[in-house]
Amino acid sequence: MAKKPSAPNNTKPATIHDQKATRGNGGELHQIAEGDTPVLTTAQGGPVADDQNSLRAGERGPTLIEDFHFREKIFHFDHERIPERVVHARGYGVHGFFETYESLAAYTRADLFQRPGERTPAFVRFSTVAGSKGSFDLARDVRGFAVKIYTKEGNWDLVGNNIPVFFIQDAIKFPDVIHSVKPEPDREFPQAQSAHDNFWDFISLTPESMHMIMWVMSDRAIPRSFRFMEGFGVHTFRFVNAKDESTFVKFHWKPKLGLQSVVWNEAVKINGADPDFHRRDMWQAIQSGNFPEWDLHVQLFDQDFADKFDFDILDPTKIIPEEVLPTKPVGRLVLDRMPENFFAETEQVAFMTQNVPPGIDFSDDPLLQGRNFSYLDTQLKRLGSPNFTHLPINAPKCPFQHFQQDGHMAMRNPVGRVNYQPNSWGEGPRESPMKGFRHFPSEEQGPKLRIRAESFADHYSQARQFFISQTPPEQRHIADALTFELSKVETPVIRERMVAHLLNIDETLGKKVGHALGLETMPKPADAAVATRQDLDPSPALSIIQRGPKRFEGRKLGILATDGADGALLDALIAAVEKEKAAFELIAPKVGGFTASDGKRIAAHQMLDGGPSVLYDAVVLLPSAEAVTDLIDVATARDFVADAFAHCKYIGYAGAAVPLLERAGIAELLDEGTIELTDAASAAAFLTEIGKLRVWGREPSVKLK
């Protein structure tokens with residue numbers, strides 16, 4: 001009988017710094033299950049002896065096909081990915097709850113709006129629209145703001161954006177607008193950018209997009225944080241009460257920490273320094289217990305009120321200004337828990353506009369009607385089965401029963417004889433006319449036509465209203481964004497066509513962009529189906545700066561410190577930051593930290609090369625007189641100061657930092673936003689002052705686009 005071969009000896013002890021393991025014949029490490037450590041198994045439950053080597057014929061021979069552990073592991077890896085969303089592919093999800101402020105029984109029979117103080121579980125996914133799953137966070141783009149509320153009457157999905165209007169009026173154009181903004185099909189670039197010919201060619205031939213373009217070219221499209229942006233339901237919906245009386249409703253999420261965005265040059269640099277900037281910001285806020293909140297506001301109106309407008313309330317490219325119809329707070333959304341597994345929850349969550357509880361109904365908005373089909377249809381391809389509602393993140397949290405059965409990956413399988421109704425066996429579930437969803441019996445009439453209502457035809461008036469509602473800095477940013485985007489368009493006639501549209505919105509804006517693009521002669525204003533109204537008043541609610549915060553709460557201060565930094569001043573700054581409910585990070589030449597003047601050794605959060613000032617809402621310079629002589633020769637230190645100044649941020653500095661201000665080229669430009677810090681009182685005053693966030697009066701002098 002042949003001698004039984006012995007297994008290779010993989011039990012030589014090895015230590016890698018703090019980790020104990022064993023070393024195999026080839027020098028590879030093996031971590032062995034001991035004590036209470038779980039044993040690694042296959043997906044079938046079989047324990048695994050060696051997860052570092054495949055089965056071979058001899059130590060240098062071919063891999064054997066009988067190695068079922070290898071085959072299972074590679075098989076699963078090869079099929080890990082699912083198709084990414086065709087839009088909103090890059091997203092970030094957070095758990096929380098919705099709390100009702102007061103009963104809305106007069107308007108809706110939806111259960112979650114009946115009892116003040118009642119909390120309902122919620123899941124929110126924030127996203128960009130155009131970029132792929134691996135794109136950067138701070139693209140100039142619309143942000144998705146999709147909320148799934150697990151009510152006692154089923155899931156309610158309010159699938160919104162951070163902009164209250166959209167590019168198109170009819171869902172049949174949705175493939176076209178998305179195709180145009182995605183990478184061009186013959187070259188597969190640019191990624192997560194609208195600055196290319198296809199997008200602007202489509203927009204320039206789609207006048208209904210002009211209002212949306214004003215929003216996307218504004219600072220709304222480059223938010224500082226998910227926590228500092230509004231959300232909108234976009235469409236007009238209906239509330240329906242127990243008497244089957246209908247009230248039109250528009251939904252608004254308003255952040256309690258106020259609105260805030262970045263500037264374009266800052267966004268570009270943030271994307272290079274931290275492509276996950278928005279994700280990291282949300283993660284850090286939740287982990288530190290600073291749970292972001294939004295108030296849910298509604299605009300409520302009836303048909304008589306709607307009939308007073310020159311535009312159509314079914315048009316998703318229009319808003320009802322808050323000054324015309326004030327919003328009413330009806331509840332709050334609090335986000336307080338991160339997902340336990342990104343794929344299982346954030347990636348597999350399925351939002352559908354059709355998911356509404358009894359008491360909330362649809363309008364005839366043609367974009368909403370199309371979304372109701374598309375958002376259901378897309379889940380089959382992406383999640384692979386009609387049973388995507390079996391996934392825990394998508395399943396209702398209320399009791400549910402139905403006769404839908406079988407299909408791929410069915411995880412909820414009913415038992416018993418009955419799988420249909422009506423049936424004779426006395427078994428449910430049964431329909432309930434009283435509790436069930438009842439569509440509002442609106443009267444409809446007219447022939448079948450492929451035609452758009454004339455009430456949808458005014459494409460420029462609200463675009464103009466948005467522009468004139470902005471402060472001068474915000475208007476500059478819109479003009480600069482249009483100039484930048486159109487400068488990337490290679491086809492001159494497309495640029496000229498867009499300028500012709502801009503002249504209809506605001507003549508000064510159109511000429512400014514045209515001159516910046518180098519047009520020798522201005523085109524004629526584009527033909528308009530309806531002339532631009534000049535009598536619409538500015539709406540301050542449309543401005544970020546006018547709706548910005550009053551405090552530094554929720555923001556982050558970057559403190560650049562070196563060996564010998566003033567320890568007392570640093571302690572005072574940290575105390576002031578914490579009192580303001582803000583955050584801070586210490587940046588030092590080395591991540592190992594620095595020794596303050598009082599002898600304390602303090603660890604840094606970031607090394608200077610990895611912590612540029614673009615990552616912070618305001619900065620403080622705390623070098624020592626000795627260390628600053630070396631710091632002034634470091635390019636990243638000079639950039640830290642110059643960028644903060646150019647981006648109109650507040651800069652606090654100790655007296656020893658003056659040489660750094662000089663080398664950064666701003667010593668002769670100091671203004672009310674550059675503040676010397678000397679003691680605890682000045683530190684506290686600085687934290688109060690920086691609640692304004694930006695010194696916009698500085699912007700014309702820095703001439704930074």
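Placement of Cβ uses the backbone N, Cα and C atoms for every residue, glycine included.
Feature list (source: Swiss-Prot):
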- HIS88: active site (ACT_SITE)
- ASN161: active site (ACT_SITE)
- TYR375: heme binding site (BINDING)
- 1-31: region 'Disordered' (REGION)
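Positions of Swiss-Prot features highlighted on the structure.
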| residue | record | DSSP class |
| --- | --- | --- |
| HIS88 | active site | coil |
| ASN161 | active site | strand |
| TYR375 | heme binding site | helix |
*Tell me the Cβ neighbour count for HIS88 (active site), meaning other Cβ atoms within 10 Å of its Cβ, over all protein chains shown.*
23
*Rounded to the nearest Å, what's the C-alpha distance separating TYR375 (heme binding site) and HIS88 (active site)? Just drop the number here, would you?*
12
_I'd like the Cβ neighbour count for ASN161 (active site), meaning other Cβ atoms within 10 Å of its Cβ, all protein chains included._
24
*List the Cα distance (Å, whole number) between HIS88 (active site) and ASN161 (active site).*
10
*Tell me the Cβ neighbour count for TYR375 (heme binding site), meaning other Cβ atoms within 10 Å of its Cβ, over all protein chains shown.*
18
